[in-house]
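Database features, via Swiss-Prot:
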type: BINDING; residues: His47, Ser68, Tyr139, Ala140, Asn141, Ser156, His226, Pro227, Glu228, Thr243; note: iminosuccinate binding site
type: BINDING; residues: Cys113, Cys200, Cys297; note: [4Fe-4S] cluster binding site
Amino acid sequence: MSVMFDPDTAIYPFPPKPTPLSIDEKAYYREKIKRLLKERNAVMVAHYYTDPEIQQLAEETGGCISDSLEMARFGAKHPASTLLVAGVRFMGETAKILSPEKTILMPTLQVECSLDLGCPVEEFNAFYDAHPDRTVVVYANTSAAVKARADWVVTSSIAVELIDHLDSLGEKIIWAPDKHLGRYVQKQTGGDILCWQGACIVHDEFKTQALTRLQEEYPDAAILVHPESPQAIVDMADAVGSTSQLIAAAKALPHQRLIVATDRGIFYKMQQAVPDKELLEAPTAGEGATCRSCAHCPWMAMNDLQAIAEALEQEGSNHEVHVDERLRERALVPLNRMLDFAATLRG
């Protein structure tokens, strides 16, 4: 595997944490959101990494809690005229690309993703142009502009299957932006992959030594790992997979104690799936090290109840997602390829 462009994730400024709400304030905003969703003919689409109270509200209002692939499917098929996307910006853009006729709202448009930030379109275009013989596969965690230059978009839930398919056709791959997921896929498939060097600030922080000590403390625990984690962490796993695949693994494994190496937002749905099992966070700091994300995406944390209520009430430029139509049409092609390929896997 060849590598290039190594963005420094340490330079990304973290957003300020939302001001904590009182119990009464939370109750007020919950009821307000429920009312506004009905008035606006809107539905919530929330990612597994949002805070538990956001996921709970999506459940209670007939919305969706899922990984980015299922979020895309759900939003495109749901009859609501407005989608409230609780996640990060590329998820809102993806919803708009797939459903241009719908109003796409987000609690704030400043919800970034370190993978997206680490793959600026100008640098990506230069890399793309330097390797015209390669099929371009980009992770869903990219901007609409980067998706528009791709042949395929992929999520972690189908990454191995797609690259295995393309490799069987003799295609050489450009992979962007996550280096850890790219290396995992390359190891699983043996594909010829030229890999961008981005990383998720959450998964990149998991520490091998600290995880080993936790494993020694709980030798009966299984380790579940998202493939955006470093290879040394992946090598310790009893199960590796996307968010939805990790929840399925938690149910399938016989272990009563699980160490989970992904954003702790997943614990809400995972604990529902395995109410009798104990879930432990994989450590993100160790031996003189400190964590920046501490196993929770700081941009996902910006999706709070007050911001959601304001998005539904105010609309406008601070909350509504727009994608240039020409860009949208180009990005739609690889997104539809992803959805069609995923449909063949589901049978």
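Cβ atoms are placed via backbone N, Cα and C, with glycine included.
Here the features listed in Swiss-Prot are painted onto the structure.
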| residue | record | CB count, 10 Å |
| --- | --- | --- |
| His47 | iminosuccinate binding site | 27 |
| Cys113 | [4Fe-4S] cluster binding site | 26 |
| Tyr139 | iminosuccinate binding site | 29 |
| Asn141 | iminosuccinate binding site | 28 |
| Cys200 | [4Fe-4S] cluster binding site | 26 |
| His226 | iminosuccinate binding site | 28 |
| Glu228 | iminosuccinate binding site | 28 |
| Cys297 | [4Fe-4S] cluster binding site | 26 |
Quick one: Cα separation, Cys297 ([4Fe-4S] cluster binding site) versus Tyr139 (iminosuccinate binding site), in Å? 18
Relative to the Cα of Cys200 ([4Fe-4S] cluster binding site), which of the binding-site residues His47, Tyr139, Asn141, Glu228 has the closest Cα? Glu228
Looking only at C-alpha atoms, tell me how far Asn141 (iminosuccinate binding site) is from Cys113 ([4Fe-4S] cluster binding site), rounded to the nearest Å. 7
Whole-number Å value for how far Cys113 ([4Fe-4S] cluster binding site) lies from His47 (iminosuccinate binding site) (Cα to Cα): 13
Once Cys113, Cys200, Cys297 are set aside, which residues in the chain still have Cβ within 8 Å of the Cβ centroid of the [4Fe-4S] cluster site? Tyr49, Val88, Ser114, Leu115, Asn141, Ile201, Val202, Asp263, Ser293, Trp299, Met300
Would you measure the largest Cα separation among His47, Ser68, Tyr139, Ala140, Asn141, Ser156, His226, Pro227, Glu228, Thr243 for the iminosuccinate site and round it to whole Å? 17
Under DSSP, is Tyr139 (iminosuccinate binding site) helix, strand or coil? strand
List the Cα distance (Å, whole number) between Cys113 ([4Fe-4S] cluster binding site) and Glu228 (iminosuccinate binding site). 13
